[in-house]
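Accompanying notes for the structure given below.
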Amino acid sequence: MSGLKIFSRFVFVSWILLQVGGVKIINDSRIQVLLSNSSFSVDKLVYRGKIPGEPDELPTPRICKKLISEWFENLSQLKNGRKCEKPEECLDALDQLDAFARFPAPGSPNIYDGSFRKCNELNERGRHRRKYCYLIQTDEKMNCREEYHSVLFHPNRTAFGICGPEDCHGKDYASIFGGMQQKPFHFMMDRPVCAVFCTVREIPKRNMFYVFTSFMILLVSIVFFSSLYDYIRDTRYRLSSDTEKVFGQRAILSFSLWSNIEFLFQENRHGYIKCLDCLRSITFTWIVGQNVVGHLAFYDKELRATPSQISLSSSALSSLIPIYTYIFISGLTVSYAFIRANPSPQIIKRPITWLVFYFHRWIRLTSALMVFIGFFDAYGKYIQGPYDALTGYSMVTQTDQCTYWKDIIHVSNFVAVDEMCYLPAWHLAVDFQFTLVAPLFLIAFYYSAKIGTTLAVMASLAGSGFTIYFFLKNNILHSAFTGDHVFDDKLVELILSKPWNQMAPYMIGMIVGYFLAEKAGSRRIIHPVASAVIWVIVSGLAVSALMFGNVGTSQLQRAMANIFSRAVWCICLAWIIVSTEMKWAGPIGHFMEHPFWRPFGKLSYCAFIVHHMAVYFLFNMEEQAPRYVSFWHEYFHYTVPIVIYSYFVAFFLSLIVEIPMIRLNKMLLDKFIPASKIEDKEDISESEKENEEDSDSLKEESEKSEKNQKSKRKPVDERSIEDQEENEMSEEWNAMDEPLLERDYY
């Protein structure tokens, strides 16, 4: 019997070769199985018709009907042994079928991938174009096209890869395959079709596309001519943009790449906490790795961890600690810069001081963010590929939510996740909301360390109390990446994206920043053995915070795990930063303060903005929807390339948007709000003599305070002396990091 089967198969393959006129066809056993065990019936094809009352529902195009009918007819001719009239079309029909998925297939139990590459290769033959699509099947007849992010959130759904004419829409394929009583291929599950999503589709250009394209052309033109003008001034006439006094010329030169690129590689000013660049860079890479896993978990249930399966790698990929690290650094830099500035009481009491403070922070947070959101809204939906199709056109879903005003005033964290325009924006919204209340704590720290610390601790406890309350009130909430994926969005909406959940890291950061500012130049020395012991303890605490941050079977346990893990992690961060800044960290401190980290730390803010779109871009370059294989595969195959791409785009975003806005901001304040109004003078009223006497006394007090601050911050070892002897930056670059009014890099 086995010999007869082999002979029959040989005759069958030979007959196919004869029918296509001697054209050589690859002897692929999968194709043989598909042809010999499948049935095609052109007469039973069901196409989409026009639905009365629904103008958006159009009938299947004629060209689509023609191409689908011809494809089924060619397959039927090959199967039934009839001679092909056009051998090349029969070969195309076989190759198109070869691009289909197979069942069963290794990997995810609910995703069956075909060959995206082979389907695209058919377009190189000069005939009609094809595209790769995913056929979504479910247990009951329904429409799953409008569901957010991924149609595979729900159980018992499968995605099956197909290849078909580009002239057909996803709804046409859903009607064709869903309307058949008998599936054309035996490897397709006999279940209703709820949607079909394709890797290529027509995207109508909206007004935003033309508006933002015009804006980009204008911006790039300004940058080009400004850079050319600055280059000629510098190389031919030896005129530096730093010394330019004319306001109009300075405004033009603020967009010069020739000058702005120096900022990324210049030495940091004395007093800058160098280890923060290293922390920001590592934290950013960590966040990218987490987002990669988060996107893969949209359709991979096996990736989701249970509390009994928590490991160090799974904890690192699902923990919220990187977000808390950014918030901690934000609170630290605000208080550190303010206390080191040591402003006079008169400056603190003037409303203009805090208006300028808010304006600076808003400009720094908003300028690069809004430009990139505009870029995302205008061009994001044109990112197409297998991942975009498998997630139900999630890029279109997100860009359709862009209303801009929520991100301009930074309230995007108070809307539902599926209503957010650009997901990373809610992190920045939390940061700006802390900026609104920061002056209350800064003033408290200014007058009394005890009062400031007490208020910060009380705010931390209040925020933790709100976290416990919302966990107890909502029984559906689970720890991140350990429960049902459907409820992850609710976890973000109710707890993770709200400022009270991140209040403790911010307040602890403010306390640490105050301590560093007060103890700058301290002569205290810790014995290396004691320092090593503390490092071992801190390492153990950090691992514990990672391992147990997502545990708990009850709502109270989950809430307490969230609270204590972030508190322990912030304590670990405090030791890392303080020990490095106080020169107690030894080789670790030298590593974290190495100049290598400087440009990456400065670009980390723009890279954070860019990375969300970078994930979609690189995922859709894959021939198949990405899968999670292992921790190291995820890290080197996805995370590292996305980090590199994000920094590459962030480099230009910073040079043409962020740094020019900083320079323009400084110039406008210098022109319309002279420094005398916010530093050491009061408005001259009718009693001019009395005010002049007051201003003289204030000058004397400020000079004394400056002398005291200088005496407190003398270098204590060779590293401090080297820091003090570094070349100072230009006056304009120093103004960009002005501690009272300017925001350090987030």
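Backbone N, Cα and C define each Cβ position, glycine as well.
Positions annotated as compositional bias 'Basic and acidic residues' by TrEMBL: 696-722. If you look up TrEMBL, you'll see 723-735 marked as compositional bias 'Acidic residues'. What TrEMBL records for 61-200 is domain 'Nose resistant-to-fluoxetine protein N-terminal'. Marked as region 'Disordered' by TrEMBL: 681-746. Marked as signal peptide by TrEMBL: 1-22. Residues annotated as transmembrane segment in TrEMBL: 208-229, 278-299, 319-339, 351-376, 425-447, 454-472, 500-517, 529-548, 560-578, 599-619, 635-657.
With a cut-off of 8 Å between Cβ atoms, the residues of this chain six or more beyond the transmembrane segment (425-447) that come close are 323, 326-327, 330-331, 334-335, 338-339, 343, 348, 354, 357-358, 361-362, 365, 369, 373, 407, 410-414, 453, 455-456, 459, 492, 497-499, 502-503, 506-507, 510, 514, 608-609, 746. With respect to Cβ pairs under 8 Å, the transmembrane segment (560-578) is most closely packed against 454-472, considering the stretches 208-229, 278-299, 351-376, 454-472, 599-619.
As a quick check, the transmembrane segment (351-376) and the transmembrane segment (278-299) miss the bar of 3 or more Cβ pairs under 8 A, pairs 6 or more apart, so the two do not touch. When the domain 'Nose resistant-to-fluoxetine protein N-terminal' (61-200) is classified with DSSP, helix, strand and coil residues number 50 helix, 24 strand, 66 coil. The transmembrane segment (319-339) makes contact with the transmembrane segment (278-299): 3 or more of their CB pairs lie within 8 A, with pairs spaced 6 or more apart in sequence.
A Cβ distance under 8 Å defines the sequence-distant neighbours of the transmembrane segment (529-548), meaning residues of its chain 6+ beyond its ends; these are 310, 312, 315-316, 319, 321, 561, 565-566, 568-569, 571-572, 575-576, 579, 584-586, 588. Only pairs six or more apart in sequence are counted, and the transmembrane segment (500-517) with the transmembrane segment (635-657) gives fewer than three Cβ pairs under 8 Å, not enough to call it a contact. For the domain 'Nose resistant-to-fluoxetine protein N-terminal' (61-200), the mean pLDDT of the prediction comes to 81. Same-chain neighbours of the transmembrane segment (635-657): 219-220, 223, 255, 257, 260-261, 264, 284-285, 288-289, 292, 367-368, 371-372, 600, 602-611, 614-615, 617-619, 626, 629, counting only residues six or more beyond its ends whose CB sits under 8 Å from a CB of the stretch.
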